[in-house]
Amino acid sequence: METHRKNSVVGNILHTCHPCRRTIPYRIYAIFHTCGIIALMYHHVHSLVTANNTLITCLLLLSDIVLAFMWATTTSLRLNPVHRTECPEKYAAKPEDFPKLDVFICTADPYKEPPMMVVNTALSVMAYEYPSDKISVYVSDDGGSSLTFFALIEAAKFSKQWLPFCKKNNVQDRSPEVYFSSESHSRSDEAENLKMMYEDMKSRVEHVVESGKVETAFITCDQFRGVFDLWTDKFSRHDHPTIIQVLQNSETDMDNTRKYIMPNLIYVSREKSKVSPHHFKAGALNTLLRVSGVMTNSPIILTLDCDMYSNDPATLVRALCYLTDPEIKSGLGYVQFPQKFLGISKNDIYACENKRLFIINMVGFDGLMGPTHVGTGCFFNRRAFYGPPYMLILPEINELKPYRIADKSIKAQDVLSLAHNVAGCIYEYNTNWGSKIGFRYGSLVEDYYTGFMLHCEGWRSVFCNPKKAAFYGDSPKCLVDLVGQQIRWAVGLFEMSFSKYSPITYGIKSLDLLMGLGYCNSPFKPFWSIPLTVYGLLPQLALISGVSVFPKASDPWFWLYIILFFGAYAQDLSDFLLEGGTYRKWWNDQRMLMIKGLSSFFFGFIEFILKTLNLSTPKFNVTSKANDDDEQRKRYEQEIFDFGTSSSMFLPLTTVAIVNLLAFVWGLYGILFCGGELYLELMLVSFAVVNCLPIYGAMVLRKDDGKLSKRTCFLAGNLHVGSYCVKLLRPQVTSPLRLIHNNNTSGWFKRKKHNMNESV
């Protein structure tokens, strides 16, 4: 049933919501698939009772339990998916009635996150089609870099030309880099002059970054000349004082024609000390929450990664269609836009779109209590950070109350003094910050964890996915960078899974069953490494040994495996296609799940165990957004896998690839020339081999820098050969694979053994 929401003031329909057409078929299929899973569990239990060796059966049972659970978490998001539509053109309000907006942009490393990228993101939101005096942009520089500070000073000067140009000419691409690199940008004298100004600014910033320091000759603003003296020899990214600088003030700054008011632009680098925990990105966001609370305290907050520029100047008004709706705004915590990326290869070879996480699952969540928070592109209700909708948790000082009206100048001395105080590294001691107030601590995936806790407190959220992307970002172009990013996510997800606020316990208790199961999908996703490892090695070794671990083709249970496998993959493919994907992208996405399971998830689990045992400390490694390697970029555009430098991360993956290839050759030979019924094993091995084709090419055929290293291939080969040699050295011990039960031995293996005895 379609629902409409109206703005009670002007009576316009601002947004609609309607269920997806696939809901009923998915619900029917869920019943049949559930029955199939129950039958499979019965088969496993029966095999466990009758088997001579329980280890193999237990491993297969464990793997199928994980697969069944992950299917249940996905299915919970398929039972009530909805799509929404907004009407921003119908939003009507006087300029003075528009709510204020605070924008939080986070960066941490000027070399992995180039300052010009930060500049373009900041300029794109400063130029929103919105009253400029209502916008305040806060840039958190967690690396405390003078290079980033210099770039933002340059951005403030350029904005006085850029913002009037955008609004006067109704420019849609309000990131200067995107606008000037497009073929459709204006060729007028004004535009060409502005392009020259931008290129000059870009040249200065990149020169400073390349040299690693800000030379005095480049500092043209006397107002900020003394600020650079703060970067002394003792200043480091892990130990430095608070720096807060107002680079642009809406109360006093106007464009060069004196017609347009400029938005606020504030640089924030919080105090850091090696003896005080800083809680990574969550700590930086909480610092911005307090600093902005003291200075502007806008009721709406937009969080952005430094590479996620605004692609639509009307995005803010789209969010207001929900955030100002009197019927839902009191319980609405945030409006989440999907992450979308520019520069993705034609078939998204690394599955960087993350369509399942950012689109498919979000549509499912939206039919329950609302989407998860994904770390960027999210408009928050400031009140949501201060306790449940029904109970306001007061902060420690009155200046941080969410409903306070900030009526003092942001450059007032007492305001700046208090802002420096709340950005101190010991300010949060003995407060509710990170536990009951603000972004939550306890996981490296602070975004997902915070969204989960807000939902548990009773807040709802909305997924806004307009046809024109609201934001565009950058994605890894090298498999090493992607795997490194996923390891960090895996550790954070494990932290969430095993905490006292685990979605499977606290989530299901605090939320309804479907929402709780849906929230289990991502935190338990690293457990995919269990079935991927078991099914990547066990049936293959069985096939090489001529032993069956699956039902034969003549066994009725054979068809249960076929139906469950093809049914699950067909539903996954339909999800992808119905949300605008393609078959090739889906294929790459499911292949990347295998790669992540045997690399990121595998090593993420090891790192989590070491961290739990206090044998290592958590690390927040910034994913590089700098794409300076032309050869690497060329390989990505040609959709050639780039395994980068020699890395142990790919050792399990390479080992599995080698085992599957040998099993495929041996199994195919056995079936073609000796007969037999190991069809399920051979089907699984064939599926794995096709998925591993890029790995085989990187091992043998390629000579470029993106190939798999000889060391990794050598170690992987030795692992397989070593395991085989152990078997040969112990002929008197029956292989565990042959003890599954006697009548599981394949026909072709028996015939082969019989022929050998006759020849003797």
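Each residue, glycine too, has its Cβ placed from N, Cα and C.
Using a Cβ-Cβ cut-off under 8 Å and counting only residues 6 or more beyond its ends in the same chain, the transmembrane segment (28-48) has close neighbours at 54, 57-58, 60-61, 64-65, 68, 71, 75, 78-79, 557, 560-561, 563-564, 567-568, 571, 741. Feature annotation from Swiss-Prot assigns transmembrane segment to 28-48 (among others).
For 54-74 (among others), the entry in Swiss-Prot reads transmembrane segment, with the evidence type sequence analysis.
As annotated by Swiss-Prot, active site applies to Asp142 (among others). The DSSP secondary structure for Asp142 (active site) is coil. Asp142 (active site) has a Cβ environment of 24 other Cβ atoms inside 10 Å.
Annotation note: Asp447 (active site) sits in a helical segment as assigned by DSSP. Residues or ranges marked as active site by Swiss-Prot on the basis of sequence analysis: Asp447 (among others).
What Swiss-Prot records for 530-550 (among others) is transmembrane segment, and it gives sequence analysis as the kind of evidence.
Residues 20, 22, 26, 29, 32-33, 36-37, 39-40, 43, 71, 78, 355-356, 360, 550-552, 585-586, 589-590, 679-680 of the same chain, all 6+ positions outside the transmembrane segment (558-578), place their C-beta atoms under 8 angstroms from a C-beta of that stretch. Among the features that Swiss-Prot reports, transmembrane segment is placed at 558-578 (among others), with the record citing sequence analysis.
Within its own chain, the transmembrane segment (593-613) has Cβ neighbours under 8 Å at 351, 479, 483, 486-491, 493-495, 498, 525-529, 532-533, 536, 649-650, 652-653, 656, 688, 691, counting only residues six or more beyond its boundaries. Swiss-Prot lists 593-613 (among others) with the feature transmembrane segment, giving sequence analysis as the kind of evidence.
Per Swiss-Prot, the feature transmembrane segment maps to 656-676 (among others); the stated evidence is sequence analysis.
Swiss-Prot lists 680-700 (among others) with the feature transmembrane segment.
The Cβ of Asp447 (active site) lies under 8 Å from the Cβ of Thr372, His373, Val374, Gly375, Thr376, each of these being in the same chain and 6 or more residues away along the sequence.
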